[in-house]
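Chemist: From TrEMBL, for reference:
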BINDING   78, 80, 122, 124  Fe cation binding site
COMPBIAS  1-10  compositional bias 'Polar residues'
COMPBIAS  290-301  compositional bias 'Basic and acidic residues'
DOMAIN    41-140  domain 'Pirin N-terminal'
DOMAIN    191-290  domain 'Pirin C-terminal'
REGION    1-28  region 'Disordered'
REGION    290-326  region 'Disordered'
């Protein structure tokens, strides 16, 4: 998914944030995805209070949205650098194409992970059969040692397991005895957990990891912190067991965790770099790639799929120099 903001601001995400306070609720804000009817997404990461959970740096939650009203997902070809995208659906389908040649359909309960590395471009469109679209789009920042990795695409359908009455699908990392084979460049965990009304689940976790619990339906509570749909309960490092509780309704959530990144990153539009100069370079390269359809001699974003009739132009850079803080 592309960041739809036509005047994106620089976001400096500090992997060295003080994470000792928690659990706390991270609220979300509504962001129009774009298009004439502008499907709204609820963005809970990054934000002023916290910009990273482990290496997770971007969390959008959307739906359930009536495609006949919102127009669904219509995101033409656009670039990414320095990150991995994780697409997870609860309902509907999204057609994915990218410049590695991958062409896939994202379906509920199946993870599609795209590694941007040095540069990739992809498109996302809800399928004609989709009437309701509901899911999450997640980004993971690649560490310095791997941010120029070769781009790639992976698909995995995790098994559904019952753990003490909870329905669990582990799509990244290892949790509750389940292990995902999907490639990672930092220590990460990602899982869907569904609890019955009034239910709870004790989860053994790595005490060196930060964790976030993104509420999809119902409410999710950790200690005294309770999140409603689109919000995250953040739990800092230092705990080896976390109990999540549902309210009066069945609750579905995404567990997102990982080792603190320990690095500062600069995010602007769909790019992750380490400096203003990185972002300027990525933007210039993308604009050039749009002219050649990714067929230039030194183009890291191509070649473009034949099916692409148009691509998204990069927004104008802000007048101020983007810089890292810390």
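In case you wondered, yes, glycine gets a Cβ from its N, Cα and C as well.
Quick one: how deep are these features, and who are their neighbours?
Modeler: Over all protein chains present, the Cβ of residue 124 (Fe cation binding site) has 22 other Cβ atoms lying within 10 Å. Under the three-state DSSP scheme, residue 124 (Fe cation binding site) falls in the strand class.
Looking at the domain 'Pirin N-terminal' (41-140) alone, the prediction's average pLDDT is 96.
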Chemist: For residue 122 (Fe cation binding site), what is the tally of other C-beta atoms lying within 10 angstroms of its C-beta?
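Modeler: There are 28 of them.
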Chemist: Looking at the binding-site residues 78, 80, which one has the fewest other Cβ atoms within 10 Å of its own Cβ?
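Modeler: Ranked by other Cβ atoms within 10 Å, the binding-site residues 78, 80 bottom out at 78.
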Chemist: So, by DSSP, how many helix, strand and coil residues make up the domain 'Pirin N-terminal' (41-140)?
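Modeler: Each residue of the domain 'Pirin N-terminal' (41-140) counted once, the result is 4 helix, 64 strand, 32 coil.
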